[in-house]
Amino acid sequence: MTWKTQLPPVRGKLLVDEALAPFTWFRVGGPADVVFLPADEQDLADFLKALDPAVPVLAIGVGSNLLVRDGGVEGVVIRLGKGFNTVEALGDNRIKAGSAVPDAILARKAAEAGIAGLEFYAGIPGTVGGATIMNAGCYGSETANILISARVMDRRGQVRELTAAELHFTYRHSALQDAGLIVLDAVFEGLADDPAAIKARMAEITSRRETTQPIREKTGGSTFKNPPGHSSWKLVDEAGWRGKRFSASGKEGGGAMFSPLHSNFLINTGEATAADLEGLGDTVRADVLAKTGVQLDWEIKRIGRPA
């Protein structure tokens, strides 16, 4: 008898040996030992309190910036969805959003409430939880500019509130990445503005994204962080990797490729494995370093075991 046969009772769903590929935008990767879809915050807390503390736990959102390796993920993967997707305007140009709220939805709700400053979220294909953890940003703005506080839950099911200062935001990073905490919701603050003007700016961002990024492909968004003084897409492009296919097995062609539309977007053309995608990323990193002396660091989160 293993821990998987002795899981705590829940009101949500427990899926044993569940494939993770459908939970990510890349559509690759092996299974999780267990996927837990909590009904709400209390369901999540009760589960964590009762779960064997030796079992690893990882929370995910919509999997838009996530690469799951082909061997799958040990322990419990918590997928936050219903029960964590409410948005509430608080007054004083503040708005609260659950961790499972898509960033673009938060931007739209803020616009409707006349709160400016969150427009850039219209260009980020993730959720509030992920944006908080990685300090997501684009077009000159980032989460650190607008976040006031976040409520988080630890491995024991205990909840506490952290201020923006306590999150220690830096470029595409926060203290949450190393703390094993699950974001429940966050409060943001913007500036008062006319809803129509805000929506017009959001429309510009959405249009720009649609014409410059492969948003209809199986992708994980920006693959590499921008090194100081450089643009990752330009380094990848100048190294000759735009549109070039790759297979980890060494076969000609392959299903992994850096997008012809935007060379910092790694895409699965339909037949790639996680090993192909990660292998291409690491090959490009090594090639760029050899040619330019510039180190590219992954922005996409890679989890799990190789096959």
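Note: Cβ is positioned from N, Cα and C throughout, glycine not excepted.
Swiss-Prot lists 27-193 with the feature domain 'FAD-binding PCMH-type'.
What Swiss-Prot lists as active site is R172 (among others), and the listing cites sequence analysis. Sequence-distant contacts of R172 (active site), defined as residues of its own chain at least six apart whose C-beta falls under 8 angstroms from its C-beta, comprise M134, N135, A136, G137, K225, E299.
Proximity of S222 (active site, proton donor) to non-local residues of its own chain (separation of 6 or more, Cβ distance below 8 Å) is seen for N65, S232, N264, F265, E299, I300, given in sequence order. DSSP classifies S222 (active site, proton donor) as strand under the three-state reduction. Residues annotated as active site, proton donor in Swiss-Prot: S222.
Summarising the annotation, Swiss-Prot assigns active site to E299 (among others) and lists sequence analysis as the type of evidence. The secondary structure of E299 (active site), as reduced to three states from DSSP, is coil rather than helix or strand. Of all the Cβ atoms in the protein chains shown, 20 others lie within 10 Å of the Cβ of E299 (active site).
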